C-alpha cells in the first residue's frame, strides 16, 4: 500500500514536471527561422501579385506589341494573367509530390535549407523579367516558387512536429499558419503605392523573396536536425540526444529518447513506407481520411472567394478606390491576430474545439454575408455588415481551419509513415487550391452572391465529419492517438503492431538485437526502421 502511494506520488510529480515545458532558444530560433523562409513565403506569394496586377498586365501587353507589332487581345491577356496566378498551385503540387524522397534522403532541416535554391532562382527570374522584357520569366518564376511552397508546407510542419515536446506541439505547429498570415500581410504592405506598388518598382516585390530565403539558409544549418529523424531513420543515438538537449534546453533527455524508442517498437519492423503502402494500411485508414477532409476543407471552405469580393464590398461601402488598399490591410491584420490567438490557446482548448468551432462560425457568417450582399442595395448600412462578416470569416478560419490541419498531419502518423502522409496532405491541398481557382469564377457567375452558401455547405460537412470522427490529440503520444482511432479502424493495438506491412517482418528477437545495436552504435541499417 505504501509503495503504491509512493508510486502515485512519483507519477504526479512526473506529470507536474512534464507540464513545465521550457521554450529553449534553439527551439524558438528553429521554429521562427524555419517558418520565415518557408510558410512566410507561401503567404507572401499568395498576396504579392494582387497590388501590381495592372502594371504586370501592361507589361505583358507592351512585350507582346514589341514582339508581334500589335496589342494582345483581351482574351489572351486574361489567359496569360490567369496562368501567372494559378500556375503557382501547379508548382505546389509538384513540390508536394517530390517532398517524400527528399525528406527521406536529406532529412527535415536540410530539405528546408536546400529548398531555398528554388526560392532564390524564382526571385531572380521574376524580379528580372521586366528588365529582360520576358513575361515567360515571370511565369516560370511563379511555378518554381510554387515548387518551393509545396516542399516547405510539408517539410516545415514535419520538422516542427518532430522537434517539439508533445505539451507544446500544437502551439509550435501553429507557427506555420501564423507565418502564412504574416506573409500575406507583408505582401499587402509592400504592395502599397508608397513602397513597391508602382509601375517602376513592382519587380522589387518579387526580388524581396530573396531576403527570407537567405536568412533561413544562413541560420538553419547551425541548428540541429530533427532528433526523431536522427534516432529512428539514421539510428544515431548520440546525435539524437544532442539534438534533444538543445531543443529541450536540458541535459537529461533519457525520458524523451525512451518515448521515441517506445514508438519504434511498433514501427521498427518496417522500412519508410510509400504512399501506396500507407493507403493500404488499415491501422491508419481513418487518419488518412481525416487528413484528406481537413486539407480539402482548408482550401474549399471559401476564403479565396472572400478575397474576390473584398474590393467590391469596400467600394460599395463608400470607400474610395485610392483608400481601398489601405483598408484591405485590416484583413491581413485580422488574419495574423487570429492565427496568433489560436497558437496561444490551442494547448488549452485543444484541436477539436478550434477546428469545429472555426467551421461553425464560418457557416454563420457566410449565411449572414449572403443575406447582406443580396439586400445591401436596398439598405444603406448593410455594406458595413458585409465588411464585418468578411473580417469575421477570416478570423474564424484562422483560429482553427487555417493551421490545425498541418498540426494533425504531423500528429496522426508514426515516423516511417509521416513523409508519405504529408505527400497525401500536400497533394490534396494543392489540387483543391487549383480547383478553387479554376471553378470559382463559374460558381460566382452562376450563383452570384448565393455562391457563399456552397462554401457554407462545405464547412458544415467538414464540421460534422470532425465532430463524429476526430479525437482530441493535445498532449498525446502517437501510441495514444493510434489507440483513439483503433476502434474505428477495426484493429487492436496488437494487430496494429503485427500487421504493419506483412512480408517485411523478421523474428522479434532478431529485430530487438539488430535495432538496439544499430541505435547504440550510431550505425545506419536501412533494412530496419
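Heads up, residue numbers simply count up from 1 along the chain you see.
Glycine too: its Cβ is placed from the backbone N, Cα and C atoms.
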Residues flagged as transmembrane segment in TrEMBL, choosing from 46-67, 112-133: 112-133
Range annotated as transmembrane segment - as stated in TrEMBL, picked from 1-19, 172-190: 172-190
For the transmembrane segment (139-160), distant same-chain residues with Cβ under 8 A (at least six beyond the ends): 30-31, 34-35, 37-39, 41-42, 45, 80, 83-85, 87-99, 102-103, 108-109, 111-112, 115-116, 118-119, 121-126, 129, 172-173, 175-176, 206, 209, 226, 406-407, 409-410, 418-419, 422-423, 425-426, 429-430
Contact yes or no, the transmembrane segment (79-100) and the transmembrane segment (172-190), 3+ Cβ pairs under 8 Å, gap 6+: no
The transmembrane segment (381-408) and the transmembrane segment (112-133) contact flag, 3+ Cβ pairs under 8 angstroms: no
